[in-house]
Amino acid sequence: MQLKIMPKKKRLSAGRVPLILFLCQMISALEVPLDPKLLEDLVQPPTITQQSPKDYIIDPRENIVIQCEAKGKPPPSFSWTRNGTHFDIDKDPLVTMKPGTGTLIINIMSEGKAETYEGVYQCTARNERGAAVSNNIVVRPSRSPLWTKEKLEPITLQSGQSLVLPCRPPIGLPPPIIFWMDNSFQRLPQSERVSQGLNGDLYFSNVLPEDTREDYICYARFNHTQTIQQKQPISVKVISVDELNDTIAANLSDTEFYGAKSSRERPPTFLTPEGNASNKEELRGNVLSLECIAEGLPTPIIYWAKEDGMLPKNRTVYKNFEKTLQIIHVSEADSGNYQCIAKNALGAIHHTISVRVKAAPYWITAPQNLVLSPGEDGTLICRANGNPKPRISWLTNGVPIEIAPDDPSRKIDGDTIIFSNVQERSSAVYQCNASNEYGYLLANAFVNVLAEPPRILTPANTLYQVIANRPALLDCAFFGSPLPTIEWFKGAKGSALHEDIYVLHENGTLEIPVAQKDSTGTYTCVARNKLGMAKNEVHLEIKDPTWIVKQPEYAVVQRGSMVSFECKVKHDHTLSLTVLWLKDNRELPSDERFTVDKDHLVVADVSDDDSGTYTCVANTTLDSVSASAVLSVVAPTPTPAPVYDVPNPPFDLELTDQLDKSVQLSWTPGDDNNSPITKFIIEYEDAMHKPGLWHHQTEVSGTQTTAQLKLSPYVNYSFRVMAVNSIGKSLPSEASEQYLTKASEPDKNPTAVEGLGSEPDNLVITWKPLNGFESNGPGLQYKVSWRQKDGDDEWTSVVVANVSKYIVSGTPTFVPYLIKVQALNDMGFAPEPAVVMGHSGEDLPMVAPGNVRVNVVNSTLAEVHWDPVPLKSIRGHLQGYRIYYWKTQSSSKRNRRHIEKKILTFQGSKTHGMLPGLEPFSHYTLNVRVVNGKGEGPASPDRVFNTPEGVPSAPSSLKIVNPTLDSLTLEWDPPSHPNGILTEYTLKYQPINSTHELGPLVDLKIPANKTRWTLKNLNFSTRYKFYFYAQTSAGSGSQITEEAVTTVDEAGILPPDVGAGKVQAVNPRISNLTAAAAETYANISWEYEGPEHVNFYVEYGVAGSKEEWRKEIVNGSRSFFGLKGLMPGTAYKVRVGAVGDSGFVSSEDVFETGPAMASRQVDIATQGWFIGLMCAVALLILILLIVCFIRRNKGGKYPVKEKEDAHADPEIQPMKEDDGTFGEYSDAEDHKPLKKGSRTPSDRTVKKEDSDDSLVDYGEGVNGQFNEDGSFIGQYSGKKEKEPAEGNESSEAPSPVNAMNSFV
């Protein structure tokens, strides 16, 4: 029994407080966290804890062990039935029962046969409280029969024909695993053309000449007995008619070859299954495997579809080059018609497979153990489902309930047994059996009626010590039936504790949330029920906290000096104190420079490595405090160092005492250059294996001039020597003479030996090969050996060339192997190698994580929990779990755009994880998958969850429009991320005086459905600052700010001597805002009407963006300004403002940088200079016409008329009154899109393709600039480039600017 107490807590009130102790509905009666002495007296019905599987296939070569274990009080006795009758084990000398359990051991290794003990076994565990029964265990010995002998004729067929090589393995138990190999035990390659069917046959859609071989061998592996049987080899010869001589070809017909299929190109036909339709039945939870293999030329490709729905994306697996469709964890919803389509260039054919999914019984609610007190009520519920629906039957103590002794306290209602007013005699074990034609479920659940007086399990006189101002928890673990009530008392004769300062937990623990000195004392716990009372005393002591009186301080010291840190601690005198010093949160270095003296840490001869954080940690048995300080080390004032140099290289190298594995090298040292030589470094070159590369051999003292060197066999050595002093290393000496050592067997084996599978059915053994230096002789090879770790198989070995891997085929999936790799050469073997463990290839996990739960922490964070998958289903190394999650749509349904899936991976065996960065008020979906080295397993069922509302973002924009004398109108766009349902807007504003001081703040609430609001009764000519933000139920969002000025009072600007009504005031106005742009700059000009003494400023930014305006102040009262550093080809927004005593005015425009200069159409038709210029143009044209007329009258040949017709001057074209060329601009006109050939495009730029002439044409390309006064630089210089023909096809009137340029 496992007692589960919910971790609730409740305040004590006056009077008794009932406390649960105990056994409420227990999931299992196997894990009871109670005192062992209590368990010795607690009566409990038996419960089966371990049993053999229902379908128990045994190895006939080993003893039979049929497991049955159970627990109960008193310990249960065991009995067995075989094939429905009592099995008397005493009459069979080969059968024994394991002591203390019901497990049967049948000794067939000494004598007897496994077949004798085939049958259906059932175990019964019984004590005075009832009887529990096991499942029906069907015992069958495994079988691995030999292949029947058969004579296989060679097969000869033409290239392009189809072929089926039958396997037909012997029927074994369990069925064998089939694979095809050659006589070298190498897997035969498979492809879309050649593949193995589910029945083991090898199918060729069409054969090729390279398919010719004499060793097509089918193997059957019986995993249970670890045996492999093989079929006789099949010989296949593929020929073509062209290869036959004319005589044979003339007398040979297609029917004399294997099969009847033509060798010519042909549409697909199915080799398996046959016909146009077939049926398939599968059980729920299994893997549904559907197969279609077709022949044809060219090779057909297989496609799959479900007629009445989509294939389940996360559970569908394609295998065998898509010839096999598998659906994992098949359910009733997967029933239906599946179609496979075979297609090649000559046609297509399809086959329909009708799938019906049935279901063995599975639990909806399995019955749970029930523990009751006398007189209580309870229920046992047994609910299962299946297809067909299972039948529910009840047994009590292993006997059908219909014939069991009657119990007046129980009532059977279908799948439920109702108990009322139970007594101790009502204790029993009930069995629920749910069965249909595909299987059964059997569950034991006991009803245990107990009557026990209260017992307190906490040891008496337990002493609790607690630091003051911290919580104190006093335990009172208890047990009893019926449920006892718990009371606490303080002092020998104190009354029950019921003040608010105490908290009583349901497990009996008394909590004092903030313990004080006066909490010290003796506390008594009392447990009562109708059968008795129990009490226990515990003691509480309150201790003073530990604290650091003097903390260490930050220090900066020079290298080589000393530093001291002080740490004074005060603590409760009754507790022992230990003070520990740490450096960078680690123990102090084991260096005598660090000394601890009482309250001080002293560091002598400080070095740079001593820099860091030093922490003083004061510990008592009850608490711990710490304080830290940083030490910084600086360099002392440097002093000049003497000049030294590295040694000269050694010379006169000589080899003596030349043996097989050693040689003596001697040399003469070079000059040490005023610094003694401390050592010599000897290097060698292997001229045979790695010429030109020098390797470290050894080092000797600087006083030596000879060295005895150890050598390896089969190496052509050269040596060189370098001298080292305090300055550095010398240049190498000249190389010595070469010395070749004799060959011998290897003295070491390869390293880094590993065994990992690249496919589910192989084992790739890799190692780091020996280099030439380590080979010790010619003919280096490796002996690779392997066997399964779990089993008694002999080692399998193979000798391979000097490579770094070997692939073992036909292995079971993810099985541990023992591996060893031994080196050998022509001289012999290396020592016996070490054995390492590897694993055969991994396969994708089969099972999805179950019981996925989502706990939404807040609007942007969720916690996901799941149950781990069974280790056997992982089929590989567990890498972790992966969560796919995505937002399907906003909860407010305002955002339905597709969101990409996000992935979070949690390493290892974690069963929970956090999803950060979620969007508030959104609808999310997730699933969980287990990951191994091969990849991901199937996804768990999708889980959906919603995030709560969050605070909104700032409103997207805020504009102040239509300023008047006493009002301003605000317009805004809602937040781009509302993160919930907007409840209202808040507007706060305050005036700003001339000294930039802020006035009183006004707070205003605005309904959420508004996007415009007018503020009235404001002060005239006053600047206001506005703060604006949105709100949801979660709170207020970020604010957006803006400033605006009400217009000036018109009466206030009249001259003092003019009465009202005599002189009309003129409102300040900015007009004709012009933006002339080049590639990276623009010239902004405008006209201003209004009072003098104003300050202008220019604001600009990228059009359409939400970035803030960039502001530039205009010096003086100029009406132009140059913007620099702009991005080419970019549309900009610009506005010009004027601020003065008369208030605030502004004007806006949009321009675009680029090769065409941007210019807004200027209203110059009413300008005097323009009218004069037009008159001069007209006069010159008139003079030109008169001259031409005179010359023509004189008989001249100048073709004026033809030239005029060919190049009509746009300046003499009539101007239409309705084209607005000389009219005033209206708001509507400014925003109308212009047609091709119009004066100005809609974005207010002059583009080359829209006008015959442009300012750029008369400037220096795109580099035309402007003077400070706004005039053009280089406007009239250079030649005009040739324009496209369509540029002169516009029939509309030219712009005044173009007219001026044409004239010039």
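The backbone N, Cα and C atoms fix where each Cβ goes, and this holds for glycine too.
Residues or ranges marked as signal peptide by Swiss-Prot on the basis of sequence analysis: 1-24.
Residues annotated as topological domain 'Extracellular' in Swiss-Prot: 25-1167.
The domain 'Ig-like 1' annotation in Swiss-Prot covers 46-134.
Regional average pLDDT for the domain 'Ig-like 2' (141-235) in the model is 91. Feature annotation from Swiss-Prot assigns domain 'Ig-like 2' to 141-235.
Annotation comment: Swiss-Prot describes 267-356 as domain 'Ig-like 3'. Residue counts for the domain 'Ig-like 3' (267-356) under DSSP (helix as H, G, I; strand as E, B; rest coil) come to 6 helix, 55 strand, 29 coil.
The domain 'Ig-like 4' annotation in Swiss-Prot covers 361-448. In terms of DSSP helix, strand and coil, the domain 'Ig-like 4' (361-448) has 3 helix, 53 strand, 32 coil.
Sorting each residue of the domain 'Ig-like 5' (454-541) by its DSSP state yields 3 helix, 48 strand, 37 coil. Residues or ranges marked as domain 'Ig-like 5' by Swiss-Prot: 454-541.
Per Swiss-Prot, domain 'Ig-like 6' is recorded for 545-632.
Swiss-Prot lists 649-744 with the feature domain 'Fibronectin type-III 1'.
Look at Swiss-Prot and you will find 746-843 tagged as domain 'Fibronectin type-III 2', backed by sequence analysis.
Residues or ranges marked as domain 'Fibronectin type-III 3' by Swiss-Prot on the basis of sequence analysis: 848-950.
Annotated domain 'Fibronectin type-III 4' per Swiss-Prot: 954-1051, in sequence order, evidence recorded as sequence analysis.
The helix, strand and coil residue counts that DSSP assigns across the domain 'Fibronectin type-III 5' (1064-1156) are 0 helix, 54 strand, 39 coil. Under the heading domain 'Fibronectin type-III 5', Swiss-Prot lists 1064-1156.
The annotation topological domain 'Cytoplasmic' is assigned in Swiss-Prot to 1191-1304 on the grounds of sequence analysis.
Look at Swiss-Prot and you will find THR1221 tagged as phosphothreonine, backed by similarity to another entry.
Annotation comment: Swiss-Prot describes 1288-1304 as compositional bias 'Polar residues'.
The stretch from 267-356, 746-843, 848-950 that makes the most Cβ contacts under 8 Å with the domain 'Ig-like 2' (141-235) is 267-356.
Here the domain 'Ig-like 3' (267-356) does not lie next to the domain 'Fibronectin type-III 4' (954-1051) in space: the count of CB pairs under 8 Å, restricted to residues six or more apart, is fewer than 3. Secondary structure by DSSP for the domain 'Ig-like 1' (46-134): 7 helix, 46 strand, 36 coil.
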